[in-house]
Amino acid sequence: MRLEASPAPGPSAVGSRCRDPESSTRFQDQFEVLERHTQWGLDLLDRYVKFVKERTEVEQAYAKQLRSLVKKYLPKRPAKDDPESKFSQQQSFVQILQEVNDFAGQRELVAENLSVHVCLELAKYSQEMKQERKMHFQEGRRAQQQLESGFKQLENSKRKFERDCREAEKAAQTAERLDQDINATKADVEKAKQQAHLRSHMAEESKNEYAAQLQRFNRDQSHFYFSQMPQIFDKLQDMDERRATHLGAGYGLLSEAELQVVPIIAKCLEGMKVAADAVDAKNDSQVLIELHKSGFARPGDVEFEDFSQPMNRAPSDSSLGTPSDGRPELRGSEGECEWGQGGPPLTQPQPPGPWKPRIPGPKLSLLPTLQTVVTEDFSHLPPEQQRKRLQQQLEERNRELQKEVDQREALKKMKDVYEKTPQMGDPASLEPRITETLNNIERLKLEVQKYEAWLAEAESRVLSNRGDSLGRHTRPPDPPASAPPDSSSSNNSGSQDNKESSEEPLSEEGQDAPIYTEFDEDFEEELVSPIGHCVAIYHFEGSSEGTISMAEGEDLSLMEEDKGDGWTRVRRKQGGEGYVPTSYLRVTLN
């Protein structure tokens with residue numbers, strides 16, 4: 001509904017309209033109403049801008065805190081150097097952190113959109129509205145002042161006309177009295193008549209001036225109420241409606257800024273759900289096994305030590321007893337064992353001389369080594385871990401080598417350009433860099449070859465370990481590489497080989513197992529009582545000197561236990577003694 005100015009009075013009411021004391025204040029009241037209303041609208045616009053600004057600060061602070069939280073919980077090490085990054089649980093957690101970081105980015109985008117499209121634009125529009133409002137009200141006050149000024153001029157001309165009419169009437173009465181007075185002279189009568197005529201003329205002029213002023217005021221008043229002020233009112237109304245429209249649009253931008261980021265936020269939430277569903281407990285268990293499996297064989301069964309018949313065995317024959325230093329030891333049937341899955345012993349057991357004392361091989365220790373020496377080829381690690389670390393190092397060296405090769409090619413091209421266009425640079429200035437690159441390439445090639453050799457050796461060891469681990473259940477294990485000799489020199493040589501093969505894993509693994517140094521020098525080949533019996537699990541052809549053949553399932557007498565070198569001395573029922581692989585037997589002590 002538009003505001004309308006009060007209509008101008010009709011011609012019959014001109015006199016009463018001009019004398020109405022409220023005629024100059026009727027519009028003033030409406031003008032003040034408009035002034036208050038438009039000012040309230042601008043204040044509301046400013047309050048909304050302030051609200052959005054504070055909302056923007058809240059969003060920015062929220063996004064900043066989210067990013068700080070994500071940074072706090074993100075892994076500090078790169079994924080390639082962090083073993084935990086291989087687990088699906090860790091990967092899902094990192095993905096959730098990344099989604100939260102993206103969510104924080106969307107909150108920042110909301111804050112930016114609100115700041116640019118709401119705060120800045122509405123603040124600028126508010127200033128424009130204030131200027132326009134000021135201009136319209138100045139125009140209205142100016143028109144009102146002009147109307148009031150015309151009304152004052154009309155009042156002045158009316159009072160002058162009224163005064164001149166009284167003066168003319170008074171002068172006419174004076175002239176008429178003198179004309180009837182016989183004592184008055186003719187000159188006085190003429191003078192009074194002239195004065196009355198002058199006053200009458202002045203009254204007539206004042207009347208004409210008043211009539212003209214009244215006509216002008218009525219015209220101005222009609223223009224003021226019917227044209228000028230309605231136009232100003234229309235401008236103010238249009239301004240206020242535009243302000244309200246922009247304010248409503250600003251209200252909509254608040255929700256629109258949120259709706260714009262809803263799809264991305266939905267994707268972030270969906271990503272979090274996908275990350276939660278990606279947790280695979282069984283796969284993490286397999287990853288843990290792959291990360292930490294050693295590749296060694298499982299330990300053999302612990303043999304029973306029979307202390308009820310100590311006289312049946314010589315002291316040097318006790319392989320499961322307590323060493324001289326009082327520490328118990330545990331011996332496996334096939335050498336040392338680690339915590340990993342599958343694989344043969346580290347060293348191939350060598351057959352001892354049948355009647356000579358021998359230094360036993362490495363024993364199974366239930367305690368970890370106190371100190372591990374880190375080597376360049378990672379030989380201090382289990383086979384599987386060694387292979388993985390060597391493969392990583394090889395890949396890194398190959399990447400560095402490719403980088404150096406690319407740099408060399410780039411330097412060569414740059415040198416060719418410098419040679420063709422000397423103004424671009426001196427070709428000789430590139431020689432030191434080219435030389436350094438060639439040296440790096442040669443160094444990296446040597447390192448690649450070194451790591452390739454180490455990796456091939458580690459892979460062959462892992463493959464052999466796997467094959468041997470499988471062969472424990474599918475085929476008989478390979479017998480020792482050499483058989484025990486019969487002669488004294490052969491025994492000494494076999495004992496020396498056995499000593500070297502036994503000492504080798506000791507130096508590699510740093511075992512602190514005690515070494516038996518008891519020697520039964522007075523031992524003679526004489527019949528002794530068996531210390532147990534055993535059954536051949538596999539067929540064995542004793543083709544080497546010092547060994548004896550046996551058939552699968554054959555019952556044998558146990559004459560001497562395995563000293564840790566993989567050989568056990570047995571006696572056949574048909575007669576004959578010799579050594580057979582311990583892994584081919586199922587032993588039962590008396």
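Just so you know, glycine gets a Cβ as well, placed from its N, Cα and C.
Copied from TrEMBL, the annotated features are:
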REGION    1-24  region 'Disordered'
DOMAIN    21-284  domain 'F-BAR'
REGION    188-207  region 'Disordered'
REGION    301-364  region 'Disordered'
COMPBIAS  309-322  compositional bias 'Polar residues'
COMPBIAS  346-360  compositional bias 'Pro residues'
DOMAIN    380-457  domain 'REM-1'
REGION    396-432  region 'Disordered'
COMPBIAS  396-419  compositional bias 'Basic and acidic residues'
REGION    464-521  region 'Disordered'
COMPBIAS  484-493  compositional bias 'Low complexity'
DOMAIN    529-590  domain 'SH3'
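With helix defined as DSSP H, G or I and strand as E or B, the region 'Disordered' (188-207) counts 20 helix, 0 strand, 0 coil.
Using DSSP to sort the residues of the domain 'SH3' (529-590) gives these counts of helix, strand and coil: 3 helix, 29 strand, 30 coil.
Residue counts for the domain 'REM-1' (380-457) under DSSP, split into helix (H, G, I), strand (E, B) and coil, are 72 helix, 0 strand, 6 coil. The predicted model assigns the domain 'REM-1' (380-457) a mean pLDDT of 87.
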